[in-house]
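Report on one structure; see the data block that follows.
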């Protein structure tokens, strides 16, 4: 096994144990608001601490970028661990059992390892660049024959950037002409993994951060799916605007989405 994958899995499982234990006693959760519709809990921080401790033991010189702490610079800035210790914090806070731990390893700006762990379902999604993607050690393969007609598409709302809401609803309006239905689950990392595992047919979202989607992005691509930004380019980790789907679906999604976007999306 790839040694960095091994450490990422160990870190994700330890963090998942912290989250699962605290999920059973949510009345003890402490939360603070850090922005518009944006919360952090003591469990996010405890999960993050577990992950950092595991990484630091094996790779003390690597740089770690986390949602809650930001960048923890290491001597080796070529290797970056990009972490969301609890993707789906609001679901966790309200008792909706859908959230995950997301860990990606990027070497010289290329994602080499992706791990997303759902501690409630005990589902571990993994990928190594060039070696494919797996769910609990079973190989994942995107169904390339899928089309947008009758599809189930997942999305997330740009709730931290309300000015993007009109574009969000315009895109949904255009897509529902062909798609059958939408899902809005509250975990971008799991949405991407669900594209990789054929549980949904496509996914799109605006305003994400790298820690939301870096691991899931690799998992989709290693399962044979496509990931791009709204210009069909690859700047999504930077722009936060992402589409993931099998090849036929993504082409049709782009054709529907692009006419809905204003000048702020044109690069």
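Each Cβ is built from the backbone N, Cα and C atoms, and glycine gets one as well.
Here Swiss-Prot flags 67, 84, 86 as Mg(2+) binding site. In the shown protein chains, 29 other C-beta atoms lie within 10 A of the C-beta of residue 86 (Mg(2+) binding site). Look at residue 86 (Mg(2+) binding site): DSSP puts it in a strand.
For residue 67 (Mg(2+) binding site), other Cβ atoms within 10 Å of its Cβ number 21. Annotation note: residue 67 (Mg(2+) binding site) sits in a coil segment as assigned by DSSP. For 67, 86, 87, 88, 89, 183, 212, the entry in Swiss-Prot reads substrate binding site, with the evidence type similarity to another entry.
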If you count the other Cβ atoms within 10 Å of each Cβ, which of the binding-site residues 87, 212 comes out on top?
87
Inter-residue Cα distance where the pair is residue 86 (Mg(2+) binding site) and residue 212 (substrate binding site), in Å:
10
DSSP output for residue 212 (substrate binding site) maps to helix
Pairwise Cα distance maximum in Å, substrate-binding residues per record: 67, 86, 87, 88, 89, 183, 212
24
Let's check the environment of residue 84 (Mg(2+) binding site): how many other CB atoms sit within 10 Å of its CB?
32
